[in-house]
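According to Swiss-Prot, the protein has these features:
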{"type": "MOD_RES", "residues": "Lys29", "note": "N6-acetyllysine"}
{"type": "MOD_RES", "residues": "Lys29", "note": "N6-succinyllysine"}
{"type": "MOD_RES", "residues": "Lys53", "note": "N6-acetyllysine"}
{"type": "MOD_RES", "residues": "Ser56", "note": "phosphoserine"}
{"type": "MOD_RES", "residues": "Ser58", "note": "phosphoserine"}
{"type": "MOD_RES", "residues": "Lys60", "note": "N6-succinyllysine"}
{"type": "MOD_RES", "residues": "Lys60", "note": "N6-acetyllysine"}
{"type": "MOD_RES", "residues": "Lys67", "note": "N6-acetyllysine"}
{"type": "TOPO_DOM", "residues": "23-98", "note": "topological domain 'Mitochondrial matrix'"}
{"type": "TOPO_DOM", "residues": "125-169", "note": "topological domain 'Mitochondrial intermembrane'"}
{"type": "TRANSIT", "residues": "1-22", "note": "transit peptide"}
{"type": "TRANSMEM", "residues": "99-124", "note": "transmembrane segment"}
Amino acid sequence: MLATRVFSLIGRRAISTSVCVRAHGSVVKSEDYALPSYVDRRDYPLPDVAHVKNLSASQKALKEKEKASWSSLSIDEKVELYRLKFKESFAEMNRSTNEWKTVVGAAMFFIGFTALLLIWEKHYVYGPIPHTFEEEWVAKQTKRMLDMKVAPIQGFSAKWDYDKNEWKK
């Protein structure tokens, strides 16, 4: 009964979502990526097209004035002409961003979340540490291996001096 209701709800949501996606497609204008596009990149300093594509009347007049001598242009007009062609200067492109703070913050968040998860697992999931990890047990096991003379040529027992009952130096 519950599974049937869940599947019907999921089915209705899937159908309504796909209808919304199909209805939404007619509103959005798709971009033609075969045409040249404007990009601000340091390694590609001259983009294929200008930043401003549709010029206003004052911008068209400024473009006509550009064809004459550049010494007659003011500094502001030269800057405006530059801004018609480029969105950012090299200084603006090279300016550091604060994106590193977001990256470091996200990394610290995930490291902290992982640490909390490990603490929770150690407390609630894992059982007690086996008795074979205790120092007393390890000492007994080492003594047993030495008594059995395990790997006497190059291994464990080769490093033990049986006459002095100590490790060789």
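The backbone N, Cα and C atoms fix where each Cβ goes, glycine too.
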How many helix, strand and coil residues does the topological domain 'Mitochondrial matrix' (23-98) contain under DSSP?
31 helix, 0 strand, 45 coil
Mean pLDDT for the topological domain 'Mitochondrial matrix' (23-98), rounded to an integer?
89
Neighbourhood of Lys53 (N6-acetyllysine) by C-beta distance under 8 A, where only residues 6 or more apart in the same chain count:
none
Spatial separation of Lys67 (N6-acetyllysine) from Ser56 (phosphoserine) - C-alpha basis, Å:
17
Specify the nearest of the modified residues Lys29, Ser58, Lys60 to Lys67 (N6-acetyllysine), where nearness means the distance between Cα atoms.
Lys60
If you measure Lys29 (N6-acetyllysine) to Lys60 (N6-succinyllysine) at Cα, how many Å is it?
27
Using DSSP, tally how many residues of the topological domain 'Mitochondrial intermembrane' (125-169) sit in helix, strand and coil.
20 helix, 4 strand, 21 coil
By a simple count, how many Cβ atoms lie within 10 Å of the Cβ of Ser56 (phosphoserine), its own Cβ left out?
9
Would you say which of the modified residues Lys29, Lys60, Lys67 has the most Cβ atoms within 10 Å of its own Cβ?
Lys60
